[in-house]
């Protein structure tokens, strides 16, 4: 008999932007989940991949199971996905679940829709490794900051008037076109925004480096004089410039919303939404893809033309970027984040200290469960043996299987469960 509920050992990505050593939530989860893991104090622990992605396939921690990785196991047991999921997504787990620990900014980027993904993959397979779209959702574990979507036009216009270096890069004609565009003509606004942003992103390297240095000098001087630099978004500019000196991405802060999430708050990034995570820890779920079009705050391959063509140029306030969780009608411990795409959803499960026995209920989709806080012993007819769960534990749960949690922690539990709600 082979268990269909089992613990996973997950793959870490040590990208340079990650938090270092035990500063990182990823590293903390790793060592709580497996005390034998050696955390190197000077290495970045950026991402934990919980899923079956070929570049980070989780290892099965159950010696009764002959397959080594989750991807191999699902390929041999596709029914574990649930009937609808298996048929809709051709026998593959449709999502990748992650934890991110961000110390320095990630690149300004957007993910293509399915149509564009197929085209990019056909033309440039070395840069765009698959033909899938990549919507994603981030839920904050600690206070989290990111750039997301275009700001309301009046905010951008105000920066164009307060930041002469920005105006110089965009040029007077494009700046005035945006200033004149009226809210009664949303297509005109989007067109003007597209021209301004494209002119910024395609400006001559030497010219924008000079303007950026002038701007940084000016703001540093104003900070020394004790002046308020918020009209030039001074604090964020200096921070990004110290991380990526001379990078065009520093100027995108004048176009994109700064979104701040408190723990439990989420942002959803649909196709073509420009974004860049800046700092903090989050859980993230996405469609299973690696397609990213980048244009700044990065040493990686940059594709400015594609990015400027594909973006969604609809301005909106930063408050509109926070994606709401809905408390479950059936179980008050569950908050569901169900984005407008079929590939994935996330549940936040907060079990209060007063509850000593809790049922992780069966659903018609495979799911991955991550423990952030608390300890319990899990029993399931499908696991055939007890599983001890603590901070950092990750479980794969086949469709239509449930788990009883016998809680042993005095302060309840916090869990996240990624699944597919077709």
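Each residue, glycine too, has its Cβ placed from N, Cα and C.
Shown in sequence order, 107, 108, 109, 300, 301, 302, 303, 307 are the residues of the chain, 6+ apart in sequence, with a C-beta less than 8 angstroms from the C-beta of residue 294 (active site). If you look up TrEMBL, you'll see 294 marked as active site.
The Zn(2+) binding site annotation in TrEMBL covers 109, 111, 136, 275. Within its own chain, residue 111 (Zn(2+) binding site) has 133, 134, 135, 136, 269, 271, 272, 273, 289, 291, 292, 293 as residues 6 or more apart in sequence whose C-beta sits under 8 angstroms from its own.
Marked as domain 'Phosphomannose isomerase type I catalytic' by TrEMBL: 5-153.
Taken from TrEMBL, the feature domain 'Phosphomannose isomerase type I helical insertion' covers 169-256. Over the domain 'Phosphomannose isomerase type I helical insertion' (169-256) the predicted model carries a mean pLDDT of 96.
According to TrEMBL, the feature domain 'Phosphomannose isomerase type I C-terminal' maps to 337-376.
Same-chain neighbours of the domain 'Phosphomannose isomerase type I C-terminal' (337-376): 8, 29, 33, 50-51, 74, 80-85, 88-89, 93-95, 97, 99, 133, 135, 137, 139, 141, 264, 266, 268, 270, 283, 285-288, 323, 325-326, 328, 331, 388-422, counting only residues six or more beyond its ends whose CB sits under 8 Å from a CB of the stretch. For residue 275 (Zn(2+) binding site), applying a Cβ distance below 8 Å and a minimum sequence separation of six or more within one chain yields 108, 109, 110, 146, 147, 148, 149, 256, 269. For residue 109 (Zn(2+) binding site), the Cβ neighbour count at a 10 Å cut-off comes to 25, with all displayed protein chains included.
Sorting each residue of the domain 'Phosphomannose isomerase type I catalytic' (5-153) by its DSSP state yields 40 helix, 44 strand, 65 coil.
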